[in-house]
There are 2 protein chains.
Amino acid sequence: MMHPNDPSLRSFVTVDPRSDFPIQNLPYGVFSTASQPSPRIGVAIGEFVLDLAALASAGLLDVPGDVFAQGAINGFMALGLEAWSATRARISEVLRHDNPELRDDAALRARAIIPQRDVTLHLPLQVAGFTDFYSSKQHATNVGALFRDKADPLLPNWLHIPIGYNGRASTVVVSGTAIRRPHGQLKDLGDAGPRFAPSRRLDFELEIGVVIGQASELGERLSEAQAEAMIFGFVLLNDWSARDIQQWEYVPLGPFQGKAFATSISPWIVTREALEPFRVQGPAQEPAPLDYLAQRGANNYDLALQVDLRTPAMAAPATICATNFKYMYWSSVQQLMHHASSGCAMRVGDLLGSGTISGPGPRERGSLLEISSNGAEPLALPGGERRSFLEDGDSVSLRGWCERDGLRIGFGAVEGTVLPAK
Amino acid sequence: MMHPNDPSLRSFVTVDPRSDFPIQNLPYGVFSTASQPSPRIGVAIGEFVLDLAALASAGLLDVPGDVFAQGAINGFMALGLEAWSATRARISEVLRHDNPELRDDAALRARAIIPQRDVTLHLPLQVAGFTDFYSSKQHATNVGALFRDKADPLLPNWLHIPIGYNGRASTVVVSGTAIRRPHGQLKDLGDAGPRFAPSRRLDFELEIGVVIGQASELGERLSEAQAEAMIFGFVLLNDWSARDIQQWEYVPLGPFQGKAFATSISPWIVTREALEPFRVQGPAQEPAPLDYLAQRGANNYDLALQVDLRTPAMAAPATICATNFKYMYWSSVQQLMHHASSGCAMRVGDLLGSGTISGPGPRERGSLLEISSNGAEPLALPGGERRSFLEDGDSVSLRGWCERDGLRIGFGAVEGTVLPAK
């Protein structure tokens, strides 16, 4: 059997060479259709979804119980690394151009291979806990320079700890969910006291979300190998932020309502295995991390990221950021090792946001806060509009993909449009 | 039918007048027995547990499905306020001294009324999200005076916002669970860099946890009446804290691993309804809260709280704090209104920690950090020992009860003993 990452593999399903979803990707999602409204699990292949529940009930997939006839991927993830690999290899085999099992079964093909335009995509996992990190050195530097000290923007702990905080799991939503502008306490410089009003500094944050597929015990710390084996896959993540709410509330216990109203993720979970060919070494870490955070593996990924913004007046979206996941100072594996370092139990379905991903260049800033220097230098858009922060009706779309030697492993997009405050 | 809070009610089950669990209380918990190891829901009555699953299957309780034959109270809570009230009234009726239904059914009594010493108590709810507030003015003042400014200890936002942060739901554990001393990054003043080592400043925090029994929608704000109707009940909560880990990590995104290793709660959830007779007006709020936080109800409770500490060398525990929930500046209802104010969806099973509860007196400080002034004035214990922070083998027990005119509504205790670091 060929490895499912083998670039020479082809499917009998026609896949455009520019598609995010060739047979070497096979990302998992949860979908439903008008004719069969109960959500179930599928993989994306080109412009189609392969219905894994249909495949399993036809006897073509060997998985326990009804693990794919579920509205969340958690049950499948709980089966563990070997099941993940074996299932992905088997799905790849079933989709191969030279395998007649599904290819030549017209009735099953009609049931199990569904155009993506005919499906509704749902939140792919039940989010057990949502943790958001702050692991891009360039982002932390940009923010520190704005609010702290241009000459010394990083706080003393930043180079030692993958700084993170617990977010709100209940408001993680799938791409396409409209984002209602939140109310909150706002206090401008010079105001005697705060008022309760709609946020005026609504922002996006370009992030990657790590989906944890295995649990750890209370009191257990994780080795690099253990942490890596617990990572099921990755999604695009937009950590919507109300900068004005956050600024007044965050001392001393961190962000709360300024981040609680919505976090959007892409509908397809790209597996860690599919990203293996794109591993790269991350930035040099100096000072060297403490032993419990030491890593020997190349745990970053060469994963291009792009943010598109479209205002109601624009005919087409404009790309306002193009950066790369490989710039992350702290890797996802290090974030997870730190997360469990106190003995904190990890759960199947935990979602770990990378933190805003900014690169070194001026076009590589992953939030409007950075792009507009907190409003001091509004972004000029095609057509003459300017943006310091998001306005009602603005649509933000994040995209991500790995690409090399003609092989493209993509994430699709995560999109959200801002609705006026209620 | 008499109201289940009526002080004249008596049960055929003998209840000591000093018990926390008279017929007017009826707190919910999850338990199992050696002979029937699957967890199910019961209420405490005196020294016994009444098995609600047994009662329902015998036809004495009218609840849908097997809502009490569950390992968590969430399914019952999801039924809503009317079901909570009706069920409590019916349980009260079944337990009355003059009702023969259960009293005279010897076989059912043998199955359904079980001595507490014969049961194992489990975590009573599946914690959907854990949020920890910081709503005792005296505690915030004590901490601010230690770390910030004695003359101006409160941060500017504190009198306007019920400050809170998202905690870690996966490590909420039931009373009796041993607490492993966590490792973490520690950096003393003057150290060149941090080291990874067991915490040396392990502490407890005396809190009350609010159990949310109804959900709210994404984008929905809550009125005072709505927020109140979503509160199912209350537990004792010990928010174990590693002060040294927290101190180095918490800037700028708040506590993370310093609070992530364990949070203990009492096994019995005392319903909001049972606490109704003990409502009191909270402290005056000046400046007046913004409209979205305004409350007309007396939303505090006259609920005595006590912390007992026992070291391995002590023959009996010593009471090291005695305070009251009524001192809370921000009420649980205000905390919940603020939590949803950005449109943050609340979930059945959310747990809201009050924050450390300290009162005005020197014996009313709800953490060792405050009691020992961060180690500057170690606590002297009977027998001559001293404690700045917790040492291995130390056991901490929180108790809480309301009492007036001979009626006592108690919480039992939440206990945890410190194990050495691994």
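From the backbone N, Cα and C atoms, a Cβ is placed for every residue, glycine too.
Just so you know, TrEMBL annotations are computer predictions that nobody has curated.
Among the candidates B:D104, B:D105, B:D152, B:D239, the residue that TrEMBL annotates alongside B:D132, B:E205, B:E207 as binding Ca(2+) is B:D239. Checking the binding-site residues B:E205, B:E207, B:Q246 against chain A with a Cβ-Cβ cut-off of under 8 Å leaves no residue at all. The separation of B:D239 (Ca(2+) binding site) from B:T263 (Mg(2+) binding site), Cα to Cα, is 5 Å. Residues near B:D132 (Ca(2+) binding site) in space but far in sequence (CB under 8 A, at least 6 apart, same chain), listed by position: B:G164, B:Y165, B:N166, B:G167, B:E207, B:D239, B:K259, B:L352, B:G353, B:G355. Using the Cβ center of B:D239, B:K259, B:T263 for Mg(2+), the list of other same-chain residues with Cβ within 8 Å runs, in sequence order, B:F130, B:D132, B:G167, B:R168, B:E205, B:L237, B:N238, B:W240, B:S241, B:A260, B:A262, B:G353.
Model confidence over the domain 'Fumarylacetoacetase N-terminal' (B:24-124) stands at 97, taken as the mean pLDDT rounded to a whole number. Helix, strand and coil counts from DSSP across the domain 'Fumarylacetoacetase N-terminal' (B:24-124) read 39 helix, 24 strand, 38 coil. DSSP assigns B:D132 (Ca(2+) binding site) to a strand segment in the three-state reduction.
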